[in-house]
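Take a look at the structure below.
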Amino acid sequence: MASYNLSNHHTGPFTLLGIPGLEEYHVWISIPFCFIYSVAIVGNSILLYLIAMERSLHAPMFFFLSMLALTDLVLSTTCVPKTLSIFWFGPQKISFPGCLTQLFFLHYSFVLDSAILLAMAFDRYVAICSPLRYTTILTPKAIVKIAVGISFRSFCVFVPCVFLVNRLPFCRTHVIAHTYCEHIGVARLACADISINIWYGFCVPIMTVIIDVMLIAVSYTLILHAVFRLPSRDARQKALGTCGSHVCVILMFYIPAFFSILAHRFGRNVPLTFHIMFANLYVIIPPALNPIVYGVKTKQIRDKVILLLLPKGSQ
């Protein structure tokens, strides 16, 4: 197999163009993007602060929620600042190592988000189906093992893609018609066969996420079965209420994710402008909405947020 020298083929930085066809509207598009990104930063930061400082939130459910908030911060911060600089100042250059770093954290955060949602579904399953064993199953040691396990799995799933891109020679254009570096978009600029990039980059992460979705579906099937066997209506409503915010976040994450991936892979007639706009919305809207959903639907967090923003002395 031929090997390529990094210095010979990665001769210069890449240029990120932004959203093709909408260049004249970049400044206007940046206004909602900047606002939503600010909401994501503030919302997730408040969530992390409350979970860290409030002893009543030191529970497995909120530990996984803090992981989700941290991962959402990484996901949005990996892409949005560079995107805003393109909207404000025109096409921006990014070094090849910088591009590899960006695409790694982008895709790693996506796979890790999926794994965290699976861990949260398992937490809800144990809490509702085996409440008396909850503290013995989800011990601090077990939670740390789950956190390390899903983080390591996500790393192992995507780190090969970095090496698959790094081996490619880029002897043609270094111009990327996008606002950030993503695996297949960068690989398609190479002057070499990228079949392995396409198949690994599409099949392995997608199969990993599909397995997560199937396990989440099994968890919630068992949860619903247990809930509808509860004797009282109030008990059923309380049990379903504890899952409501998680279900909303699951739907916000997976529905647009699968739509974007399938449209990117099979939607040959979908305009490039739509692909890129949707991809940008996906890395910014779920991170902004997740803390809002949990803040509204989770009573413990809602009460702490109100107390933080409106101290007793000012009420």
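Including glycine, each Cβ sits where the backbone N, Cα and C put it.
Note that the structure is predicted; figures quoted are calculated from it, not measured.
Summarising the annotation, TrEMBL assigns domain 'G-protein coupled receptors family 1 profile' to 43-294. What TrEMBL lists as transmembrane segment is 25-50, 62-84, 104-122, 143-165, 198-227, 239-262, 274-296.
Under the criterion of 3 or more C-beta pairs below 8 Å, with sequence separation of 6 or more, the transmembrane segment (62-84) and the transmembrane segment (198-227) do not qualify as touching, having fewer than 3 such pairs. For the transmembrane segment (143-165), the list of distant contacts is 60, 63-64, 67, 100, 103-104, 107-108, 111-112, 115-116, 118-119, 122, 183, 186-187, 196-197, 200-201, 204-205, 208: same-chain residues at least six beyond its ends, Cβ to Cβ under 8 Å.
Within its own chain, the transmembrane segment (198-227) has Cβ neighbours under 8 Å at 107, 110-111, 114-115, 117-118, 121-122, 124-125, 128-129, 153, 157-158, 160-161, 164, 183-184, 187, 236, 239-240, 243, 247, 250, 254, 257, 261, 265, counting only residues six or more beyond its boundaries. Looking at which of 104-122, 239-262, 274-296 has the most CB pairs under 8 Å to the transmembrane segment (25-50), the answer is the stretch 274-296. Here the transmembrane segment (274-296) has Cβ contacts under 8 Å with residues 19-20, 22, 33, 36-37, 39-40, 43-44, 46-47, 65, 68-69, 72-73, 75-76, 78-80, 83, 106, 177-180, 182, 245, 248-249, 252-253, 256-257, 259-260, 263-264, 267, 302, 305 of the same chain, all six or more residues outside its ends. Over the domain 'G-protein coupled receptors family 1 profile' (43-294), the average per-residue pLDDT in this prediction is 87.
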